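Q: So Swiss-Prot has the following annotated:
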BINDING   His80, Gly121, His122, Ser123, Gly153, Ala154, Asn181, Tyr288, Glu370  thiamine diphosphate binding site
BINDING   Asp152, Asn181  Mg(2+) binding site
Amino acid sequence: MSFETAKYPTLALASTVQELRLLPKESLPTLCDELRQYLLDSVSRSSGHFASGLGVVELTVALHYVYNTPFDHLIWDVGHQAYPHKILTGRRDRIGTIRQKNGLHPFPWRDESEYDVLNVGHSSTSISAGLGMAVAAGKEAQGRRTACVIGDGAITAGMAFEAMNHAGDCKADLLVVLNDNEMSISENVGALNNRLAQILSGKTYSRLRESGKKVLDGLPPIKELVKRTEEHLKGMVVPGTLFEELGFNYIGPVDGHDVLALVHTLRNMRALKGPQFLHVMTKKGKGYAPAEKDPISWHAVPKFDPASGLLPKSAEGLPSYSKIFGQWLSETAAADDRLMAVTPAMREGSGMVSFSRDYPQQYFDVAIAEQHAVTFAAGLAIGGYKPVVAIYSTFLQRAYDQLIHDVAIQKLPVLFAIDRGGIVGADGQTHQGAFDIAFLRCIPDMVIMTPSDENECRQMLYTGYHHQGGPSAVRYPRGNGTGAPLEALASLPLGKGVVKRRGEKMAILNFGTLLPQAAEVAEAINATLVDMRFVKPLDEALVLELAAQHQSLITLEEGSIKGGAGSGVNELLMAKRRAIPVLNIGLPDEFIPPGTQDEIRSDYQLDADGIQRQIADWLAQ
């Protein structure tokens, strides 16, 4: 997308933040209008995260106008909202490449720009990192300032409060900006969000802090702060002791779409010492009516026609694994009211929307709190219920201690439905599900299942749900199934693989949904093909039988080779003193960058041609 200067005359004058700061303050509202339109025009043509960025246009402009970035540090929590930041920091003409192979990274990324001071992607990390930078800046004593922008969803996570508690003790010069739009990805839940709603619907406090008076002095009354109430607030609202008890000087709420007021407030706050907290009210999807009306659907979008206001409908086709999981969940809950489903703020992505509506008493969205989700499930299991934790592979990393300490050691029957296992695609390094097999495999008594299609996925969910000997995990990918017919649910024999094809000399041991590619390769080279199904317990008898009958073995998985399922096969063969060549195929020892799933599989030789090529190169050594 080429930049049209005539269409965006003010934005054309601000291709860098240095140019932005040369603009007269009075031109900033026009700049914001053009920036918002440019974001709409570019994302509609290229796809990407959308509604979050629309909501922070004025805040982004104001922060870069006031703060001396990149000398001053500006941190965006999660990063979904950082497209305007990228546009203003020299990447305007490349914004159409975002989330594409070799394009701009979907999140702030240190290797991409000096303005991106922290790699992000997971939530609630900004205040901890920002505090560390602020303490370092204090020791440096050069006047460097640090500001963190965190959403009302991300701030509910425990890590954010741990950081604020420490910040209040350190007294470092740190600004935390709460971008409060009452929307994370799913609707926010929990007492903190309810508290903020109460603040906004209550009467203005008469007691104002002196610093607050100075910061807001000269500003017009706040307009249009209408959340869960039809009352208009005027002046400044102070939320009890919520943030001040943590040692912060609280200012706000202020209108996040009044760029001139934001500039005024931020200029005053930049001069204040110690931890500062600015509460900014914004509207997710601001300026584009369809996104304002339905910010969840417009959170991340494919290419679309802005004039129509409609997102393209997904082509009717094979069901996604997330949908298969959601259907199984509802089917099981209908027959068993002891089922309790737990998700850390990923209802839509995990396929749980229908379940949450049909079985509200068996559904728990614990917000962005993966650690709590897992230990909460442990408590449900102790109480005699049957918890199912629906969680993305990349987010399960955040609850590893709870998985071991609170679930596995106690051998509690908790089922983990691990979505987005393997290559996820455009969101890149922070979201690929490469490590789950490796970090789960070393946990004693953990059952790990890797379905090859949607029917096996259902059978494995059923198997794990009825397994009472300890925790179990079913790990399935992002994307659609293969069209396999769905059979009646039944428990699979624990730790048993299935031979799919008999061949000669070589056997391919497949773990997971690369089975179609493995089948194509097995046909081409006349290899035995096995659907191993279980990473743990491993079908040791079958592996040893295959080793005795073949000259070499190939293990195949869409996950980290180091510590993965193939490593389990290697360990068994070494322990049994079976000397046979083994090639482990999977993801290498590196973080996987953005791209489509097909592009990444091709690049890492995990499509059929690549697998066959890896085998041929190995045999030729």
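Note: Cβ is positioned from N, Cα and C throughout, glycine not excepted.
Structural setting of the listed features?
A: Residue density at Glu370 (thiamine diphosphate binding site): 28 other Cβ atoms are found within 10 A of its Cβ, drawing on all protein chains shown.
Under the three-state DSSP scheme, Asn181 (thiamine diphosphate binding site) falls in the coil class.
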Q: Looking at the binding-site residues His80, His122, which one has the fewest other Cβ atoms within 10 Å of its own Cβ?
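A: Among the binding-site residues His80, His122, the sparsest Cβ neighbourhood within 10 Å belongs to His122.
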Q: Once the DSSP letters are reduced so that anything not helix or strand counts as coil, what is Glu370 (thiamine diphosphate binding site)?
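A: Reduced to three states, the DSSP call for Glu370 (thiamine diphosphate binding site) is helix.
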Q: Between His80 (thiamine diphosphate binding site) and Asp152 (Mg(2+) binding site), what C-alpha distance do you get in Å?
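A: The separation of the Cα atoms works out to 13 Å.
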Q: Return only the integer: C-alpha distance in Å from Asn181 (thiamine diphosphate binding site) to Asp152 (Mg(2+) binding site).
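A: Asp152 (Mg(2+) binding site) has its Cα 7 Å from the Cα of Asn181 (thiamine diphosphate binding site).
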